[in-house]
Amino acid sequence: MAIAEWRQQLANGEVSARELTDHHLARIEAVEPGIHAFLEVTAERARADADRVDEARASGEDLPPLAGIPLAIKDNLCTRGVRTTCSSRMLEQFVPPYESTVTERLWAAGAVLLGKTNLDEFAMGGSTETSAFGPTANPWNPEHVPGGSSGGSAAAVASGECLASIGSDTGGSIRQPASFCGVVGLKPTYGRISRYGLVAFASSLDQVGPFSHSVADAAELLQVMAGADPRDSTCLNAPVPDYCAALGRPVEGLKVGLVKECFEQEGLDPQVKASVLAAAQQLQALGADLVDVSCPRFNDGIATYYVIAPSEASANLARYDGVKYGYRAEDAASLAAMTARSRAEGFGSEVQRRILIGTYALSAGYVDAYYKKAQQVRTLIRRDFDAAFQSVDVLLTPTAPGTAFRNGAHADDPLAMYLSDLLTIPANLAGLPAISVPCGFDTGGLPIGVQLIGNVLEEPLLLQVAHQFEQAADVMKTRPEAAFIPG
């Protein structure tokens, strides 16, 4: 059921928040040995949160919009009093003394914290295999990855361990795992949701967003999380519209642009292409006009991203030196040796690789050739999107070139791993909102996602189109097999 339906049942007393929470905690206990979506399950807190909701309802109080709704939070969002590790040995014992703006707003809306979810270390990866605490399995097939970096959050929703979850998206880290796990994943406009309390990877690209079973649930969560925040100077001071009100509007007469560069990709799986084109035809059947558009520099996005993102990561991760907090190497001969050893032992290989790439790109002899040039190309990519939106309302592409790949398939080939974000990265570079919605399955039964991209702050239109497609296509009648439940 959708969040709105659960809210109604909770308000009517048909189900209690405690019962809903206990159901999901039991589900977590049953399937976690096979999925490993969670790094920490906060069962005691969840039950206490739920009991407070039930007490408020019993006393006749008006319940906030997410009262009693069990959520999971990606473990790179600070939660006061609950460990926030970023799936790294560097922060294995870090307990934040403050709350992120996102989680603060969710708790104020009555949401229940079930726990913190697994991710690629410091959100750097596309499979959740770089986590220092072990990989997460794809609920549709445990021999395949759930995507990344927010693989734990996606898998938790897909396997029914929570009603919805929160992730972060720097180059596709919400949309790609949403596609791989057969759930909805929304990356809002850059600055639409505060990043205060989000552990930084690449500050000009990072954005928080929801995973859910439906577009309507994504709209509900966005409604709570969006809005200005004086603690984040990049957060937009723009009015927050009623996102749910847009869902029922028809798509008739809207222009949907098919980005030709995306459908001409050499590595695009034919099954993915066919499924996504069928999704476009579904929108056409609903009255939308399909228009072929070109974004000539779309394919330059991945090279641009892998200069800018590692450069920002190199600067952001310089703070982890073993002095004030985080992992500290023992018995070092000097401060310099302690810092060097702490970083070498605390960071995994993928994080170290990206720090080195970024440090190189920012070095005195190469900053003009790499970093500044990448920023110039980023501007050109944004201009391509601006030109496209002169003639269409939303853009449509595959979310990923293929379906979820096998565990370990790209372990020795980081470039192949990076290519899984080929189709999602440009929206991050341009700061645009984008959503992945399930649109079908491959012959192996793995989900396929279609990506819709909107113009800046056009989340209402994006959600409108996504919801209308979702309702018409109804591809997600099935859920992952309960293969991990004992007995």
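Placed from the backbone N, Cα and C atoms, the Cβ positions cover glycine too.
What Swiss-Prot lists as active site, charge relay system is LYS74 (among others). In the three-state DSSP assignment, the secondary structure recorded for LYS74 (active site, charge relay system) is strand. Of all Cβ atoms in the shown protein chains, 32 besides its own fall within 10 Å of the Cβ of LYS74 (active site, charge relay system).
Annotation note: SER149 (active site, charge relay system) sits in a coil segment as assigned by DSSP. Here Swiss-Prot flags SER149 (among others) as active site, charge relay system.
Take the CB of SER173 (active site, acyl-ester intermediate) and look out to 10 A: across all protein chains shown you find 37 other CB atoms. In the three-state DSSP scheme, SER173 (active site, acyl-ester intermediate) is classed as coil. Per Swiss-Prot, the feature active site, acyl-ester intermediate maps to SER173; the stated evidence is sequence analysis.
Taking Cβ-Cβ distances under 8 Å and a sequence separation of 6 or more, the neighbours of SER149 (active site, charge relay system) in its chain are LEU119, ASP120, ALA123, MET124, GLY125, GLY126, THR128, GLY167, SER168, THR170, SER173, PRO177.
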